[in-house]
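One structure is given here, and the rest of the page talks about it.
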Amino acid sequence: MARGGAGRAVALGLVLRLLFGLRTGLEAAPAPAHTRVQVSGSRADSCPTDTFQCLTSGYCVPLSWRCDGDQDCSDGSDEEDCRIESCAQNGQCQPQSALPCSCDNISGCSDVSDKNLNCSRPPCQESELHCILDDVCIPHTWRCDGHPDCLDSSDELSCDTDTEIDKIFQEENATTTRISTTMENETSFRNVTFTSAGDSSRNPSAYGVIAAAGVLSAILVSATLLILLRLRGQGYLPPPGLLVAVKESLLLSERKTSLI
């Protein structure tokens, strides 16, 4: 009888040890990870609110797997429309934070909701230049300065064409200026010439010069005539034609002097 009691005690101890070991093993085992759960039936929105339902297969995946850069649905529907996705699967938008989230493509909100905002930059000012691809405004004075300031280098495009156009405009302006200056100079010269010719008869100094020239001409002709007469008296007769020409010149000079 004592042997039977000892056997039962040994068996009970073995059972307790087995139960204790099983309990320890269960506690040490890792917690099960999130797994895909296939929904029975194809009814839409049959997944829990904290999961996302794949469009084609109907699997329910954790909502945190949505737009994480890894396709968890076979059709990739969990990675579609991620740029403008700002609300949860159930249509409830994320709560607003105390400070507004910025549209700088850098996560500044605790829920990373500003990464999914469909933002647009305000237009550039009149003194600024809009870069084509990177959507940035830079000062207009930076255009064609030999250094690309836009990421796409659009501020340094078509600079040669603009330079040639500026040169053409400058050359045309210079030519127009030269023509205008030449015409003004010619007009001024003509006005001065006409004024001098028109006012000579009314200018006392010009009148005196003309009168002096007439007197000198008469004296010169008279001296020439006297020389010819002396030569004739000495027997050196000049040709008759020369004497007649001298007399006519003397008469012409006297007429001019009388007209003045």
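Even glycines carry a Cβ here, placed using N, Cα and C.
Annotated in Swiss-Prot:
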BINDING   Trp142, Asp145, His147, Asp149, Asp155, Glu156  Ca(2+) 2 binding site
DOMAIN    46-83  domain 'LDL-receptor class A 1'
DOMAIN    123-160  domain 'LDL-receptor class A 2'
CARBOHYD  Asn118  N-linked glycosylation site
CARBOHYD  Asn185  N-linked glycosylation site
SIGNAL    1-28  signal peptide
TOPO_DOM  29-208  topological domain 'Extracellular'
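Taking all protein chains in view, 12 other C-beta atoms sit within 10 angstroms of the C-beta of Asp145 (Ca(2+) 2 binding site). Long-range neighbours of Trp142 (Ca(2+) 2 binding site) (same chain, six or more residues apart, CB within less than 8 Å of its CB): Leu129, Asp149, Asp155. Of the binding-site residues Asp149, Asp155, Glu156, Asp155 has the largest number of other Cβ atoms within 10 Å of its own Cβ. Note on the domain 'LDL-receptor class A 1' (46-83): its mean pLDDT in the predicted model is 85. Each of Ile138, Arg143, Cys144, Gly146, Pro148, Cys150 belongs to the same chain as Trp142, Asp145, His147, Asp149, Asp155, Glu156, is absent from that list, and has a C-beta within 8 angstroms of the C-beta centroid marking the Ca(2+) 2 site. Long-range Cβ neighbours of His147 (Ca(2+) 2 binding site) (same chain, at least 6 residues apart, Cβ-Cβ under 8 Å): Glu156.
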